[in-house]
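What follows is one structure encoded as structure tokens, with my remarks underneath.
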Amino acid sequence: MSEESTTRYRIGYALAPKKVKSFIQPSLLNLTKERGIDLFPVQTTKPLTDQFPFDCIIHKSPDPEWRNQLEQLIHQNPNVVVIDLPEEIERLHNRVTMLQAVDQLEISNGFSVGVPKQVSVENPQSPIDCGLSFPVIAKPLVANGSAGSHQMSLVFNEEGLRGLKLRQPFVLQEFVNHGGVIFKVYVAGRHVQCVKRRSLPDISVEKLGVSENSVSFSQISNVTAEDRSGDGVEKLIEAAELPPSGFVTEVASQLREALKLNLFNFDMIRDSSVEGRHLVIDINYFPGYAKMPCYETILTDFFLDVVQKKPDVISKDC
């Protein structure tokens, strides 16, 4: 009998109820149990020390008291692995700081990666002279997973900008034509998977001149029916070529190191105007992994990497 099946590990998860419902599926519980891992819910309102032992804790909870508990645990129990550190996660709650790590990447395989031009703005009436070209996407600066943080607008002109009713302050990010397809790259430690999803359609100069002032949406994939209806969407996505796996893995690995995070995904587009140019437009902590094909296997492999202390797993002391 293998070591994986005879040695048992205990992983605690502290997640919001909605995340528990989507992530802690019977299929995941069955596979982790089969491979020697027992997943236990952590009660964020009770002392962590009363719920020991844990080999590892994963978490995504907005409760400030939970963060205090976690920081005390890290200080008092250095042998417990926490995925990931609260202060590192915090940078992803701001749409400016979340993308700063992309500028640190040094991709060496003939492709390039960057971020669209963007600027933070206090309110729609603020003077804006930032060198951005319309259209732009207006996003709340705070990206904490709340409903308000997902309220975005595609803005076609200055009048549309003045009419915004977004939570303030916000970020203006220059829209880049990208073939109507977005690549969602899921990262779980050294395990990486890239999938294709529909996105906002390209905007021609002709369309820009006759469009309404702005269009509101909650996700990049939420677009108007007339733009993205019927079989054309599916054919477009099917025909889109995924970025080379080596390139995706290199970007994911360098981002993981720069962010000092293990559980995240990033949204990436292919710039239609520059050959080989890709842009990261968003990074999310502990995303909806259950939407990823075979997520149970990937997350179980990651858990085993952590509890068996594989050398390429980022430690909490990094």
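Cβ from N, Cα, C; glycine included.
TrEMBL: automatically predicted annotations, no manual curation.
Copied over from TrEMBL:
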type	residues	note
BINDING	Lys19, Lys60, His150, Lys184, Asn284, Gly288	1D-myo-inositol 1,3,4-trisphosphate binding site
BINDING	Arg95, Lys139, 173-184, Ser199	ATP binding site
DOMAIN	105-315	domain 'ATP-grasp'
BINDING	Asp267, Asp282	Mg(2+) 1 binding site
BINDING	Asp282, Asn284	Mg(2+) 2 binding site
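Long-range Cβ contacts of Lys60 (1D-myo-inositol 1,3,4-trisphosphate binding site) within its own chain (separation 6+, distance under 8 Å): Ala14, Leu15, Ala16, Lys19, Tyr285, Phe286. For Lys184 (1D-myo-inositol 1,3,4-trisphosphate binding site), the nearest of the binding-site residues Arg95, Gln173, Asp267 in terms of C-alpha separation is Asp267. Long-range Cβ neighbours of Asn177 (ATP binding site) (same chain, at least 6 residues apart, Cβ-Cβ under 8 Å): Asp202, Ile203, Asp271, Ser272, Ser273. When the C-alpha distances from Phe183 (ATP binding site) to the binding-site residues His150, Asp267, Asp282, Asn284, Gly288 are tabulated, the minimum falls on Asp267.
Cβ neighbour count for Ser199 (ATP binding site): 24 (other Cβ atoms within 10 Å of its Cβ, all protein chains included). Around Val181 (ATP binding site), the same-chain residues six or more apart in sequence whose CB sits under 8 Å from its CB are Lys196, Arg197, Arg198, Ser199, Leu236, Ile237, Ala240, Ile269, Arg270, listed in sequence order. Each of the binding-site residues His150, Lys184 was scored by how many other Cβ atoms lie within 10 Å of its Cβ, and the smallest score goes to His150. Spatially close to Phe175 (ATP binding site) yet at least six residues away along the chain are Pro116, Pro135, Val136, Ile137, Leu154, Leu200, Ile203, judged by Cβ distances under 8 angstroms. Shown in sequence order, Asp202, Leu236, Ala240, Arg270, Ser272 are the residues of the chain, 6+ apart in sequence, with a C-beta less than 8 angstroms from the C-beta of Gly179 (ATP binding site). Using Cα positions, the member of the binding-site residues His150, Asp267, Asp282, Asn284, Gly288 nearest to Arg95 (ATP binding site) is identified as Asp282. Annotated pair Asp282 (Mg(2+) 1 binding site) and Gly288 (1D-myo-inositol 1,3,4-trisphosphate binding site), C-alpha to C-alpha distance, rounded: 14 Å. When other Cβ atoms within 10 Å of the Cβ of Arg95 (ATP binding site) are tallied across all protein chains shown, the result is 21.
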